[in-house]
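As recorded in TrEMBL, the features of this protein are as follows:
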type: DOMAIN; residues: B:404-460; note: domain 'MIR'
type: DOMAIN; residues: B:473-529; note: domain 'MIR'
type: DOMAIN; residues: B:534-591; note: domain 'MIR'
type: REGION; residues: B:70-118; note: region 'Disordered'
type: TRANSMEM; residues: B:212-233; note: transmembrane segment
type: TRANSMEM; residues: B:259-281; note: transmembrane segment
type: TRANSMEM; residues: B:293-321; note: transmembrane segment
type: TRANSMEM; residues: B:349-370; note: transmembrane segment
type: TRANSMEM; residues: B:666-689; note: transmembrane segment
type: TRANSMEM; residues: B:709-726; note: transmembrane segment
type: TRANSMEM; residues: B:757-781; note: transmembrane segment
Amino acid sequence: MLGFLKHPVVVTADINLNVVALTAMGLLSRLWQLSYPRAVVFDEVYYGQYISFYMKRIFFLDGSGPPFGHMLLALGGYLGGFDGNFLWNRIGAEYSSNVPVWSLRLLPALTGALSVPMAYQILSELGFSHCAAMGAALLMLIENALITQSRLMLLESVLIFFNLLAVLSYLKFSNSQKQRPFSPSWWFWLTLTGVACSCAVGVKYVGVFTYLLVLAVAGVHAWHLIGDRSLSNVSVLCHLLARAAALLVVPAAMYLLFFYVHLSLVYRSGPHDQIMSSAFQASLEGGLARITQGQPLEVAYGSQVTLKNVFGKPVPCWLHSHQSTYPMIYENGRGSSHQQQVTCYPFKDVNNWWIVKDPGRHQLVVSNPPRPVRHGDVVQLVHGMTTRFLNTHDVAAPLSPHSQEVSCYVDYNVSMPSQNLWRLDIVNRDSDAGVWKTILSEVRLVHVNTSAVLKLSGAHLPDWGFRQLEVVGEKLSRGYHESTVWNVEEHRYGKSQEQEEREVELHSPTQMDVHRNLSFLARFLELQWRMLTAKSDGSEHKYSSSPLDWVTLDTSIAYWLHPRTSAQIHLLGNVVIWASASLATAVYTLLFFWYLLRRRRKICDLPEDSWLRWVLAGALCAGGWAVNYVPFFLMEKTLFLYHYLPALTFQILLLPVVLQHISDHLCRTQLLRSLFSALLVAWYSCACHVFNTLRPLTYGDKSLSPSELKALRWKDSWDILIRKY
Amino acid sequence: MLCATSRLLAARTATALPAQPRGRGPGARCRRRELHFPGHPELDLDDFLTGRLARPSVPVGRRAILRRGRMPPAVGGGPARSELRPRRGRCGPQTARVVGPDETAKPAARSRKRPGWGSRHFEAAGRWALLALVTLLSFATRFHRLDEPPHVCWDETHFGKMGSYYINRTFFFDVHPPLGKMLIGLAGYLSGYDGTFLFQKPGDKYEHHNYMGMRGFCAFLGSLLVPFAYLIVLELSNSLPAALLTAALLTFDTGCLTLSQYILLDPILMFFIMAAMLSMVKHNSCANRPFSAPWWFWLSLTGINLAGALGVKFVGLFIILQVGWNTISDLWHLFGDLSLSVVTVGKHLTARILCLIVLPLTLYTATYAVHFMVLNKSGPGDGFFSSAFQARLSGNNLHNASIPEHLAYGSVITVKNLRMAIGYLHSHRHLYPEGIGARQQQVTTYLHKDYNNLWIIKKHNTNADPLDPSLPVEFVRHGDIIRLEHKETSRNLHSHYHEAPLTRKHYQVTGYGINGTGDSNDFWRIEVVNRKFGNRIKVLRSRIRLIHLVTGCVLGSSGKVLPKWGWEQLEVTCTPYLKETLNSIWNVEDHINPKLPNISLDVLQPSFPEVLLESHMVMIRGNNGLKPKDNEFTSKPWHWPVNYQGLRFSGINDTDFRVYLLGNPVVWWLNLLSIALYLLLGSIIAVAVQRGAHLPAEVEGLSQVLLRGGGQLLLGWILHYFPFFLMGRILYFHHYFPAMLFSSMLTGILWDTLLRLWAWSLASSSLARGLYVVGNLSLLLGTAYR
């Protein structure tokens, strides 16, 4: 107990001064003059607006990635005391004094700087020499593109950091597996792997590829573990369970946690509300919640409702009708019923109100007690302002001739009877006797006579329809589609018997007092779904590029230009490193297959342990490059050079692996080896020279003359900006 | 799963091999055979074949003796097997020869088995009868009421029409390769259909036209699917009940039935897929006699069927992947077999390259050759192809073209981009939408021939009508500055410093001006590539570039598809990069000038590889164009296996006879359940083996069938299903059917194995057998009665 009295307390610490030095250099290179330029640089304009939303607690929807990355950036803003008041509208706009630029950019810069010593750690954990590990870190240090990307309010460097952290902690874990399984450090690294993976996915979806890679490697290792007969069944089971918990359960929980924090941070309604469902909107403070609070829950006969289309594409809209009728003859010569138009209208309007009527009774008011409408009931829908009945019949719709026209029935006495009975089909009902609920119920209106379903076709009517959206009756047999589903958004019990009173009533705002809450899981699922399906416009950006351009660095991005001088920030890689990294990947692949084939014929060029090391390094580094690069060929979104940086990082890690292998195994004589080392030194100084040459474009601190800039334009496709005086 | 299997192989060869009495006879070959199908002692195989269950209580040592003892029947079984399954039979005797030495060593055992001969004959006959029965049943169901409905159903309107095009020899364009439609056309031709029916829309009555030939042909191929599946499963599992179950599943599946009854590409595609699979499996079982005649036969047959599958639809690529994977793993095992010299492995490799790459490619190319030879008349597909290509088609105005040779002012022309599948320079009365450059008239490229493709060449400085007879003809020369006026809308081709709609680095191209009066941004310098100054410009032959005078950019098409507002035509831009690419080079195709004499021109005929490449480019572009729109009912891949929603084939409101493509729910849900069960069982077995659990020989054999045979089928299912999740194009329910075939076969193998395992675990053999039979029967009956 009191041992410390007898023996002195000794703390031994191994400090690898190399790592310290690397960290220091990394910090220096990334943090130097961090708050310069004091202007919005490139995508800061994009992330900045979300930071502002966080600061103001306003809900937003960003389809580009999960909220963790945005939250990290916002954390910087929070620590720097940012109030969110800045208009992020233009690249190059000067920051006002309330924007804490330094603290906003600090986090990406820190993660970028820490990636340098982590490269060292990874290589030494992979079992390569100290020299190779140093090489990897030094290459990371002088990679211009990584520096540029880390010094700004962007997420790539954070993503790279978590990718590397996941790989590093997995390696630490698997190395400690051999010695001390289930020790605290074993648990620590295992859990950290899961956490880092989930953080990577949380920053950007592309992090999922690294996660899958780590999972695959872990799977292979676990498979070997299963095959290890020296372990008992129970201990194998424990191993597997521990891995499953740390690599599957922990990331999933973390991912949910990000969304939980996100949703509890942004609770006010904002500009992106419209994309979400009515129920979601009602759960936000302000906005729709203010209107829908205190609405009666159950829709009854005589209820006044607005019906919103659930699919909401191309725009969210409400079922609408107005005095105008369909034109007798369309432009293409087809005829119509000439009855009153029914459309879908993307704005709140008094003409969006409909009254649910019992076909058997004449009253348009709610009886006392209210009689709720249930699934399967047949109802009529009366347009509030014109008192006409929603109707559909076997007449071709104006723009979708294969569907039925929907109209508000006008009796012209032309042997076209009204067909205004609709059967209510509650899609998300609990039971077959489910009640139609405001906001929560998603319903389809099935026409009784023709089995047509009320559907938003998505087409815009021409001028006679005031460019509103077309509503049609679609055959029920075509199946289920969200555009046939509607929900009640605003709702009140109708009280006025007379039309004029009713009009006044329709114009009045609905009363409010109850607040309806959606469970977190439902909100998470909806938000996630909308984020994944949010359509990014496929149009090309001026600086967008295709994945093929990346490997050869055939493209560049102008990030920022000084408003007066020609100082500029340009995303450009260190050409020497890019070229040699690609070369190294090719060499690795060739050598790998060569060795593999030779081993198959039982010719072992490499000793077993160095072969295993070689394979693991390849699986993680070359594999990391491949999984972070190849999927971009299948993506349809707009792509930029910076999407390649995570892949590039892995390629840089592979470079010293290949070089050391060549020096150890392929250079047979001492002379060759010395020659090779000399060559390496020359090559590295070459890389340093390129770094130095491109430095003004990386940091943007020095204004170069046009001729100097022209001299820097090594490739025609580099869009270096040259001012014309 | 496959990975697991290969590890498992390694483990077995390393540890279990010495314990097995195998190192006999021509050892090398035997062992290599075992590397393919480890744990498949010939005895078990033979036992499975006879549907007999080995008694589990036999101790290991005795089993070894028994195995030797029973070996000869395999020999005796050889001819019998060859009788009952003729295709496999070619391999059977050779198997016997390999184990020959054993045979002589154990004459006593052979004599012991003699009495079995008669019953074996009987069984053989039974098997023949079964195969015949399966085939017959399949044909009966497929051909039953084949003539109904007597009107065009669903996609018959396309494929029937294309069949007619072949008979009429008119050129058309389709996104699928030609073989399937050619076969339909051939079937129609042979059965006396004259190609006069129009196939305008679904529901059109055939009346007196002979459509039964085409339907019959498709139904014939569709009917063969069932016996093929039967044989594949038999080959993979050596279990008759499994094969029967599969056959029953497919015979009684309403979806397969419906899809096989109409003039569609799917029965043809599925036929080739299954045939390729069957020949691959057969070839695998010939692996112990490399380079023998049957080995070559099945290998080349695989190649032929691959070509067929790819020639019908590009979906055939998936079966190619499957065969490719199988071949690679096969070669990998051969390569790892140190008893084979590198030269032998090289021979193997060459054989596969010849039969699985060279042969299919040749055949695939040959189908195109036939396609282009047959279709030699101009038709609806002309505009998709380059001018030079069109000149091959009789009836096209470029065929033996007679047009003015040199471009003159006042000529009405169409301008075609030289890059494949880009089309004609086009404009129409629609403006670029707000926010996308200037709100002026759109200029696009368009693949179809259309009045809006016509442009008039005018001088840049005068608006006088050059066709005025009083004026002399003035030819356009290299380097002239011209104006291109759109004939229909009288707007000039125009460009300016605005970003192009999609390619932001380029400038926008619009139609500008009223009745030909515009501004200086309408001036273009016309240049002939590789030509000196002053020469005239030849129609069709000259490759021209149009350079915008003010900005110095070059007119080109980026090849990107404009969104809805641009009618999904292709973007035209003016690129500031002067690099010479085909995108910015054009040629003049149609040329109308009444003041010039028409001269017969022979256009350079394109070589066959060029034509082939061009048609592929056009097909790829066409496939990419099939994109679903918002608010449209589309089928999602996850709908398919659960039989969520079918496809209406025929029967709108007016007819009471309706055809609806929907799978048999019992079959489909059983399939789905089986895949889940298979994954579960497969991983349990794989883990057990990896843990080094000692499986009894019986279970071992069964698990081998499950892992290897089932693994191949599972791979087939995965390959034919999951790629659809990545496809951006519009998808239909019937795309799932190839995958469904694989999953039905998997179901057959899985349930058979499951029941056997279950029966085995109950020790009493009679009870076990009874249970097994009852289980199989109930599955069969359940399927049959739905």
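Residue numbers in this text run from 1 along the chain shown.
Cβ atoms here come from the backbone N, Cα and C positions, even for glycine.
For the domain 'MIR' (B:534-591), residue counts in helix, strand and coil come to 6 helix, 27 strand, 25 coil, using DSSP. For the domain 'MIR' (B:404-460), residue counts in helix, strand and coil come to 3 helix, 28 strand, 26 coil, using DSSP.
Listed by sequence, the residues of this chain that lie at least six past the ends of the transmembrane segment (B:212-233) yet keep a Cβ under 8 A from its Cβ atoms are 85, 87, 131, 134-135, 137-139, 141-143, 146-147, 160, 163, 183-184, 187-188, 190-193, 239, 242-244, 246-247, 250-251, 256, 259-264, 267-268, 270-271, 274-275, 277-278, 281, 709, 741, 744-745, 748-749. Counting only same-chain residues 6+ beyond the ends of the transmembrane segment (B:259-281), those with a CB under 8 A from a CB of the stretch are 142, 146, 153-156, 159-160, 163, 176, 179-181, 183-184, 211, 214-215, 218-219, 221-225, 228-229, 231-232, 235-236, 298-299, 301-302, 305-306, 308-309, 311-313, 315-316, 319, 322-323, 326, 649, 661, 712, 716, 720, 734, 737-738, 741. The DSSP breakdown of the domain 'MIR' (B:473-529), given as helix, strand and coil counts, is 3 helix, 29 strand, 25 coil.
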